[in-house]
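Okay, structure first, notes after.
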Amino acid sequence: MNAITPNAPALPAPVGLLAELTHRCPLRCPYCSNPLELDRRSGELDTATWQRVLTEAAALGVLHVHLSGGEPTARNDIVEITQTCAKLGLYSNLITSGVGGALAKLDALYDVGLDHVQLSVQGVDAANAEKIGGLKNAQPQKFAFAERVTQLGLPLTLNSVIHRGNIHEVEGFIDLAVKLGAKRLEVAHTQYYGWAYVNRAALMPNKADVDRSIRIVEAARERLKGQLVIDLVVPDYYAKYPKACAGGWGRKLMNVTPAGKVLPCHAAETIKQLEFWYVTDHSLGDIWANSPAFTAYRGTDWMQEPCRSCDRREKDWGGCRCQALALAGDAAATDPACSLSPLHAKVRDLATEEAAETPPDYTYRTIGSNVQPNVRSPLNEEVSL
Ligand code: FES
């Protein structure tokens, strides 16, 4: 299926496929990681193309498919697409806001073999949650959705993206996950790409609150052992080492956009010099092995110092390429989240300053908004992505 040369070292198969079925979404979260230029409905792949992509994914060795968006249940064919996953033996995870038409489709999704549900919650207090998500009456819809998920016996994960507007609710998110019968909770500090990057000054928490949130999670993990698993994503700007973004570039994940563009990570389109291939022109296997976007930062050959000689280079793979571009102006630089980056102290200072200022209003996620980001950079320049 792919065009790897016979003597090349074997390329491991991707483990996961993030299928961004649509960018349409009833919520307008200011931390959304989708690109600023959202795909319109008219440009979305049709059902047959998604089914062909899923068939190619299974043949390539993909195990998990994350049905995502936007709001994936906004697609009229979400049941057919989920059924295709089940028929192909792909583990399907529905990443949903739980609002709009999600509940009405849930039983049908269960009937065709949906494996797992990941439900987003924006806050614990309804008024706060609905302010962040930009949709009134969302909270009761989410709770009704969660109740039906557990009634059906589907495993439920709650996803809470943490920022300045809800960091005081971390304990509440943990109690909520227990109350709703979730098996897993993601306490994911905001990663500043896409809309979150535009809204960074409104979202950045201070270090004392971040440290407190980490202590709360660590205590709850002990207390709730065997009942609730809590995943913690720590905030990059205050970190010591970067995360292995997407499990390392071109190593584990493929991300297909609503229009069929295939990305090594969800924010990769911000790296304008990369050439991305589409599922409408190439097979998934060909893209995984040969797409210039996937080969650009795969492995370690592309690395500069201090990554090149670092003994962590095959642990964190240099961190995040998109963040390196946004903060250091070079996608091949060491991610400034790393304490070994020459920009690390400036990035931390920038976060501290933003967190101490009065937060600006949110710029809500909208299709066709034409928003122009105006975000401070540690290079003392304004960076537009
Ligand atoms: Fe693109 Fe991290 S978001 S590499």
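Cβ from N, Cα, C; glycine included.
Automatic prediction, not curation, is the source of TrEMBL annotations.
Feature annotations, courtesy of TrEMBL:
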type: DOMAIN; residues: 11-223; note: domain 'Radical SAM core'
type: BINDING; residues: C25, C29, C32; note: [4Fe-4S] cluster binding site
type: REGION; residues: 358-385; note: region 'Disordered'
type: COMPBIAS; residues: 366-377; note: compositional bias 'Polar residues'
CB-centroid shell, 8 A cutoff, [4Fe-4S] cluster site C25, C29, C32, site residues removed: L27, R28, Y31, N34, G70, S97, G133, W195, R365
Neighbour tally for C32 ([4Fe-4S] cluster binding site), based on other Cβ positions within 10 Å of its Cβ: 23
For C25 ([4Fe-4S] cluster binding site): intrachain residues, at least 6 apart, with Cβ closer than 8 Å: C32, G69, G70, E71, A74, S97, R365
Other CB atoms within 10 A, centred on C29 ([4Fe-4S] cluster binding site): 22
